[in-house]
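For reference, the structure is listed below as structure tokens.
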Amino acid sequence: MTVSPASSGTATLIVAMIMIIATGLLVGVGGAALLRRLREPVPPTAADEVTLADYRAKISYRMLATPRFALITGLLAAAGAAITVLTQPIAYWPAWFVFGVVAVLLAAIDARTTWLPGGLMMLGWVVTAIAALACLAEDPHRLHAAITIGSGVLVAAGGYLLLWLITGGRAIAFGDVRLMVLVGAVAGTLGWSGIYWSLLSGSVIGAVIGVLRLVSGRRGPFPYGPALVSGPYAATVLLSLLP
């Protein structure tokens, strides 16, 4: 049976709408439920007083489970999903869907607490790997795509790991290094130029936010996660506009 272009377009539109709504609901409603159950980080046994003070000052995850937080994060996630369906081929929607749920929720948590929960991060790694395999199964150029996705992870996470080692953790936290696994994987679906623009965009956005914080007189830990996660979304918009 032959499927008409009109029927195919309608089906794609329906899937796109479902993805946008599902992403927003999972991050907003599902995220609030998850925040009530997330384990709080435990300081290491030999932690000094400065480290212990950081742990004591942390906002609990449970406190984030408010209607306002759920609404804002849900709308942001839905906006990211809208960018995805407008700019990306449907074969790569699974990877972007996972990124839009897990990475956006992680970025929102980081923005409020400056902490990235390890359990949610590890879950994101696993689901991202599954989603990437699903994307490759639908891509006729799967070998090239596998190379760019793998390279995206290596370049993004490896580069930030090197920065973390060189600066002794003063420039970025190790949670940011782990977050770059998710960023690099989805950036890799955009190809080599996508990796470049994703990392550059995230770094520039982070630098701008950092300067604005300094100008406003704000001090203390800087949540870098939101800037890093916004990088691939900025890159996909830029690439869609470039000739």
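Cβ coordinates come from backbone N, Cα and C, glycine included.
Just so you know, TrEMBL annotations are computer predictions that nobody has curated.
Now, the feature entries from TrEMBL:
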type     : residues : note
TRANSMEM : 12-35    : transmembrane segment
TRANSMEM : 65-85    : transmembrane segment
TRANSMEM : 91-109   : transmembrane segment
DOMAIN   : 98-211   : domain 'Prepilin type IV endopeptidase peptidase'
TRANSMEM : 116-137  : transmembrane segment
TRANSMEM : 143-164  : transmembrane segment
TRANSMEM : 222-242  : transmembrane segment
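Within its own chain, the transmembrane segment (65-85) is flanked in space by residues 16, 19-21, 23-29, 31-33, 35-36, 93, 96-97, 100-101, 104-105, 108, 112, 233, 236-237, which lie at least six positions past its ends and keep a Cβ under 8 Å from the stretch. Mapped onto DSSP classes, the domain 'Prepilin type IV endopeptidase peptidase' (98-211) shows 98 helix, 0 strand, 16 coil.
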